């Protein structure tokens, strides 16, 4: 046996091993090699039909939210495939076609049809034109679908408001929506509901039946209703015959109109019953329950009588008088309506008295000739009319008395206030309040009897009101971050918004006219000369000293009109200043300045650089507009964030109210209003105010000083002191003096092109109202209006219709959302207007109810 060597490698090591081949012979055998098979080929062939159906299927959503395939039929799939093949074939032929230019399009290569039409020449027909134009009224015709849509919309509206619908064909059918069986359902008026007992309780034709079926399809129409759940008061209700369960009779048209029951079986009102069934049938009307409750409680609740009662009055007339009394005392549209009862209970006492008075008077007129038979009813209604007769209360007198002595609680003013309140309440006073009023009247009688003399007033010769030599310390002018490197006040954003004052209430000084054209300031009772001419400084010292003397104007001495008092005590900030000897301090020459605002009344005056206008020219207040310097001085104490709103309020709210040459009291009142919105202005320093008793005028000194001298000087130096004039109880002549006002010719204050542009001028009331109406129906305009001019919301109180439209469109809610985090005062205004709209809506409901009751 031969031995061979075999080599085996382990990495880089070779091993040689001997071996001997087998002694058996070689056998040759062919092995069958299986061909490679695609494992998913059979699966794809099996699923090809399913995948083809899913390819053309659409997806639909079931009621439970599950998505499922909606498969096409075999015929639809064949049509879809043929359409796709035809589209691919046409696209292939189009792509492979030779390029060509289309220059003409014809019908089958022929001429257009218009070429073969005979052309008849047009000739003029000479006729007399008709003067009267005939109006052709088109007949409105509705298709079946439009008619069904109209009925559905009417049904939706009436079911929501519990209204009624009348179907008119050959006869009228009244359909009323009521709350029955836990939902709103339609009900018809049957014969037994009107007191008639007939074998057929309700008749209607096929057209009415179809319309009733449409009107009765309200919410829960398909819900199951069992006959045992139907009770008294459900007569005439229209039910779904397919969803009705229990023992009931025949019906038609898919409707079941409830009539009554007999031996446990419910009957349709359209069914014809026998006379025996009619006599023993239990009708489902509320009338039987009403009479049952009346009969059961009449004998139990009646009072004992001292005579033997007889039947002397007709029963029908007694029923009519009972209805008359019910509507006179407890008016309602339906006696079973809880809403009518709640509205009656919610009436204020004054409104209830007015309602009873009117209904008692109507009851007397309705009683008519029967008052001789029903004398007790007539006497009761006469007494009720007299007791509830409204008293004509004059609120103006009450307000006048309250403003005069309302805050005084010492005698005899306390007793007068008690009587004032007593007369205001009128017939609503209780027995205790009558007793208190009589005691107050007794105290007043004793006081008047024992009074012998008035309290002696103090002598004006002892009046002193010295002007402090110390200057007021202004925080805003002393803060480092409000000053520049030269210690001048920085206006910041206030300078930009102050342009609303300069563009509307100031005018540029024209150098061509000269300073002399602006020296005379006119007011209603005279003139005052400014020292603007002294801006041209003479170099001659004697001439300069002569100009500094001014023009002296003699004023009367210190008298009662120089003072202001309250409760017998002087209010010194509202009085003229005096020297130590009691004589008045007279104003001296005030030199002019160039582009400065002069503030401060005590000590040294403060000079603040004026905000820059649109040009580098000098600015002077328009004639009669000097008081605008008060608001310009208040702007110093307003933060930069509120400067825009402040200037707009002054422009749009204060100036229109002040009018031409307002009184000092009106100016103080507007300052008090602005202090509520911007509390920081309470200590704002004012320009010096000069008092001219001869012309009864207060002059606000501006940057151009005053050439006229001799005026008295008002002590008020801050806004909080000026506000003291806004008091009706302040005894002062100065508060009625004129200060300044709107010029006669200022056309740019009438309207504005763009109410949203920065620095836009004031709008008139009509223009602002038109803009507000425009914003109601344009949300973008209203949103911008709320951001720029939110106080225009207050104009909505001019009309209840505007107020309700803004409330229904959610404008007040939008205003609250926009301003609740920015300025709560505006959000509060929007909330108050929203609450007012709710009260207007309730008032309209009460008026509508009263009209319905009067018409009943």
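Cβ coordinates are placed from backbone N, Cα and C, and glycine is handled just like the others.
In Swiss-Prot this protein carries:
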- 192: active site, for P1 proteinase activity (ACT_SITE)
- 201: active site, for P1 proteinase activity (ACT_SITE)
- 235: active site, for P1 proteinase activity (ACT_SITE)
- 626: active site, for helper component proteinase activity (ACT_SITE)
- 699: active site, for helper component proteinase activity (ACT_SITE)
- 141-284: domain 'Peptidase S30' (DOMAIN)
- 618-740: domain 'Peptidase C6' (DOMAIN)
Secondary structure composition of the domain 'Peptidase S30' (141-284) [DSSP: H/G/I, E/B, coil]: 39 helix, 44 strand, 61 coil
Cβ neighbour count (within 10 Å, all chains shown) around residue 235 (active site, for P1 proteinase activity): 24
Neighbouring C-beta atoms (10 Å sphere around the C-beta of residue 201 (active site, for P1 proteinase activity)): 28
DSSP three-state assignment (helix, strand or coil) for residue 626 (active site, for helper component proteinase activity): coil
